[in-house]
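As recorded in Swiss-Prot:
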{"type": "ACT_SITE", "residues": "His145", "note": "active site, charge relay system"}
{"type": "ACT_SITE", "residues": "Asp191", "note": "active site, charge relay system"}
{"type": "ACT_SITE", "residues": "Ser286", "note": "active site, charge relay system"}
{"type": "DISULFID", "residues": "Cys130-Cys146", "note": "disulfide bond"}
{"type": "DISULFID", "residues": "Cys225-Cys292", "note": "disulfide bond"}
{"type": "DISULFID", "residues": "Cys256-Cys271", "note": "disulfide bond"}
{"type": "DISULFID", "residues": "Cys282-Cys313", "note": "disulfide bond"}
{"type": "DOMAIN", "residues": "105-337", "note": "domain 'Peptidase S1'"}
{"type": "CARBOHYD", "residues": "Asn97", "note": "N-linked glycosylation site"}
{"type": "REGION", "residues": "64-96", "note": "region 'Disordered'"}
{"type": "REGION", "residues": "442-474", "note": "region 'Disordered'"}
{"type": "REGION", "residues": "573-603", "note": "region 'Disordered'"}
{"type": "SIGNAL", "residues": "1-19", "note": "signal peptide"}
Amino acid sequence: MLLAVLLLLPLPSSWFAHGHPLYTRLPPSALQVLSAQGTQALQAAQRSAQWAINRVAMEIQHRSHECRGSGRPRPQALLQDPPEPGPCGERRPSTANVTRAHGRIVGGSAAPPGAWPWLVRLQLGGQPLCGGVLVAASWVLTAAHCFVGAPNELLWTVTLAEGSRGEQAEEVPVNRILPHPKFDPRTFHNDLALVQLWTPVSPGGSARPVCLPQEPQEPPAGTACAIAGWGALFEDGPEAEAVREARVPLLSTDTCRRALGPGLRPSTMLCAGYLAGGVDSCQGDSGGPLTCSEPGPRPREVLFGVTSWGDGCGEPGKPGVYTRVAVFKDWLQEQMSASSSREPSCRELLAWDPPQELQADAARLCAFYARLCPGSQGACARLAHQQCLQRRRRCELRSLAHTLLGLLRNAQELLGPRPGLRRLAPALALPAPALRESPLHPARELRLHSGSRAAGTRFPKRRPEPRGEANGCPGLEPLRQKLAALQGAHAWILQVPSEHLAMNFHEVLADLGSKTLTGLFRAWVRAGLGGRHVAFSGLVGLEPATLARSLPRLLVQALQAFRVAALAEGEPEGPWMDVGQGPGLERKGHHPLNPQVPPARQP
């Protein structure tokens, strides 16, 4: 082990100096890798900060819209029977390919704007992951596997269909996620989930729902049905920039069994496509629609399948697999029916303003917690109110925890594919908490192929803060204060010009006499960002595997140090600021490893 350290790092010529433990610096090549990863972490931090601000700005926009419409904001759960946005299943005609098997979505053809008014896009922290289908004014149907590892509704938004004239699509927060209770992520059995929108779709807007089947069976085999989505153009390829569409024939159960083997569960799955290959859904299309036309004076589209999984994309003999919607009709109707027996969502509780909320509204919101209360009505109401407050506090912590985990995950994800890091640490592993929470699984899951990947990251453009008086709109002013607080807290990263958004590690000085049981050494770190310099203590590995393991924490410490330095920028600290991390913080100006040996600076 000592030999590996000597080979990796140039050590001083003597082991001891004046009785003090020996120090060693990471070589310039390692500092370059650290700097590159630090810059990527800064970019991820800036995007995460912008997303947090966008989320609150979006809440303000929707709160203002609700106040203008009804004079008072109401959580979505208190809205009863919102009007449906027009007749279901009606769409503009298009030229989707019906007979030839050369198209893909994976290929297909570009759909004209507004051709699929029920097609929506689900985004996690601004990153598009799955498709979905609007089935009612407040409900979207999608695949349950989209939410494996990411069940927090506060992190999701839904982008509605754009208009036929190319109007900008509306982005709506998610209020509730209801995966089917019997969904099995190993077999994709019952791969279905309902998503409740925070605000219902406007009746006059471009989005309208698809029709749900009235009978528990699908059209006969051979029926040409439509698929649409933004998914990959080929397996492991880039996602489509615009909606693409194609038509695929329904296949018989026997044909599907022969093609797909025991992985197919006919009770809840159907398959569609050409056995010759070529036309199929792909990664990113998960949760999207498989619709078939219902003949009549006014033809309409009926949703018979939700994109679930496949063996590759458009490969010969491997049709796509869809969750059968018809067999879940009763469950869908039950979940979409307004009911006070459902526990309030985190978004409803976070929008609730206990000091200002009307008593009747609070009672309706918290009624779930009074269901099994054996006491008097007054005592049960007080108990329900207290439980509402307790869950609200848990939701606040949950939101904060997911935001912090997301920041750490973004920094970690940027470490793996870098050539310099592969040279130093070929086996970088995510910490267990981040791994368990990671939502970046393949969308339109390729169960039989391990090389699939999710679509690229995209973040929503910053929305302007809606203007208007808060009078008569309770809860709007606290949201504006929260927005101002977020803007202030993240100003340190948002105000850094893009040309200066680069982290430079100047020195990492490790104490060879401080090795821990995990193989890490205590180190003194100096780094710079846009003319601002910080110094802090941390733990670093000197071998490839331990160095890789210590990088995520080191980068998070650097981000925290730059934030603290920015907040204290007006204090007379000089060009360097000591921001010790973790236990045993040292006084400013003192070397954390040896008070008598100041850290040498590189030229």
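In case you wondered, yes, glycine gets a Cβ from its N, Cα and C as well.
The structure, with features from Swiss-Prot marked on it.
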residue : record                           : contacts (Cβ under 8 Å, 6+ apart)
Asp191  : active site, charge relay system : Ala143, Ala144, His145, His180, Phe183, Thr268, Val306, Ser308, Trp309, Thr323
Cys225  : disulfide bond                   : Pro219, Arg247, Val248, Pro249, Leu250, Ala272, Leu290, Thr291, Cys292, Ser293, Phe304, Gly305
Cys256  : disulfide bond                   : Leu264, Pro266, Met269, Leu270, Cys271, Pro319, Val321
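Ranked by how many other Cβ atoms sit within 10 Å of their Cβ, the disulfide-bonded residues Cys146, Cys292 place Cys292 at the bottom. Of all the disulfide-bonded residues listed (Cys130, Cys271), Cys271 has the fewest other CB atoms within 10 A of its CB.
Looking only at Cα atoms, Ser286 (active site, charge relay system) sits nearest to Cys130 among the disulfide-bonded residues Cys130, Cys146, Cys313. Look at Cys146 (disulfide bond): DSSP puts it in a helix.
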